[in-house]
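The structure under discussion appears below in the form of structure tokens.
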Amino acid sequence: MKTQTHLSGKLVGLLLVAFSASVFGATPKSGSQGATSRQDATNDLALVVGRSVLLDTAQPVQRVAVGLGDFAEASVITPTEIMVNGKAPGETTLILWESGGNREFFNVVVRPSTAASVDKLEGVRRELRSELPNQNIKVTQEGNSVFLRGTVDNLVSSDRAEKIAATGGKVVNLLNVQIPTSRPQILLKCNFAAVDRSKTKELGINIFSTGLGNVIGAITTGQFSPPGVSFNNSGSGGSGGTSTATIGNDLNLFAFFPGLDLGATIKALEDKGIVQVLSEPNVLAEDGKQGSILAGGQYPYPVAQSSGTGGGSAISITFKEYGVRLIFLPHITAQGTIDLQVISEVSSLDFANAVTLSGFTVPAIAQRRVQTSVELAKGQSFAIGGLLDNRTQETLLKIPFISNIPILGKFFQSISKTKTNSELIVIVTPEIVQPASEGTIPNPKFPLPYLEPNSNSPMHHPDGTGTGIATAAPSAQVPVSMPVEQLIQSMKGTPTISDPGGINGSGGGEMGGGSGAGSTPQMAPPQQ
């Protein structure tokens, strides 16, 4: 009886051990999502923007981490339930630490909502058609990226299209930019004018005052103060307002914009003898290459040189240039404006500081110089003013023989003094032109005064034509295109102006004496 009871106890113990092993030794399963909890397991999790997914774990979760919170976020609902939300298209990582020491890794891919993605892409297309109607741009979406393909006219259109497409996601710009087969050229229309300041003071006028609404913008050279600007605006019931811009005595740079009747003003003052137009040269230069204009002459001066054998010296003649020189380096920017680097010099013979060399009187050269840069749109103008010239001339008038009598001769003599105060103004208007195609003859335009007036001017030609300079017709050749990245890389080099040793350097090529003007082929290629 005791033996039977002892065997029954052992049997019950074995059954309890087997039951415990079957309960605690089984592998637990996850909840509704069917995910299996394994040590360092890696799973893929696909989400849609604006949607949520609930994850069930076999063991309580102690810690949750999301790699990039901009794309997804995770929230613990219960110890075994984790809710993951899709925030923005992209990829990130989700890590779960469970109480049993296991870790689960999820590669989370968040994709955009199909309906929202289509609506956003269509909105980008509508905006591109509205902003850039004449450009050939195709918009497609692949994954989380928006691709731009096609051809545009310039970099400005490419940048604008890229900013618009950025509202639909990450932008991949595959646009091509049209490049003309011929390099654009810049035509500079220059006007050298001398203003009699004494007459302007007598008349009390200012040649740069064009009426209210056309105030001239002043840009200083950095060495002198800008000119003052004053306004006198009357009320609505009074007479029309006026505006004046007073030029200082120092050297300044002034910018003029389209719509100013400056050409008509200079013509009227020239008729009154207040302004004297010295020359109106025009020079054509390629983009990024240097050109220059000289209005002046060449002065011969002696140079002593050793003869070598007899110990004596020989005299040779060397020429120095003097007058007004304008050196410029134009560059067309990606925005279509003209970046102009300018060096302006004015020099004259100064006999007051002359020196004597081997019996020859060699005058000094008085020089005024400014170097600056300005960016203008095509057709806009700028002027360099403040280049003053003050001269005093004495004239002796007398009666021959009688005026030589001591004491009494003074009554038969007269001395007259003449003072002149003039200011040189250089006005430059850049234009972008293209060479004419083969067999094409440009049609000349109706001649108008320099710096064409606006449409409200009585001197405006009825057909709306511009200046009298006949610009070349646009080339009829088919332009080629270049990828945006390649075009930007080729434009990284910015050309710099080259100063050929000042106005007194050799610099041959200009037209010599008088007030002639010419251009030198002193070209400096742009830096790449």
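Every residue, even glycine, has its Cβ placed from backbone N, Cα and C.
On a predicted model such as this, the values are computed, not experimentally measured, just so you know.
Over in TrEMBL, the protein carries these features:
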SIGNAL    1-25  signal peptide
DOMAIN    43-110  domain 'Pilus formation protein N-terminal'
DOMAIN    125-177  domain 'BON'
DOMAIN    268-434  domain 'Type II/III secretion system secretin-like'
REGION    491-528  region 'Disordered'
COMPBIAS  502-517  compositional bias 'Gly residues'
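Summarised by DSSP class, the composition of the domain 'Pilus formation protein N-terminal' (43-110) is 0 helix, 47 strand, 21 coil. Shown for the domain 'BON' (125-177): DSSP residue counts in helix, strand and coil, namely 21 helix, 23 strand, 9 coil. For the domain 'Type II/III secretion system secretin-like' (268-434), the predicted model reports an average pLDDT of 80.
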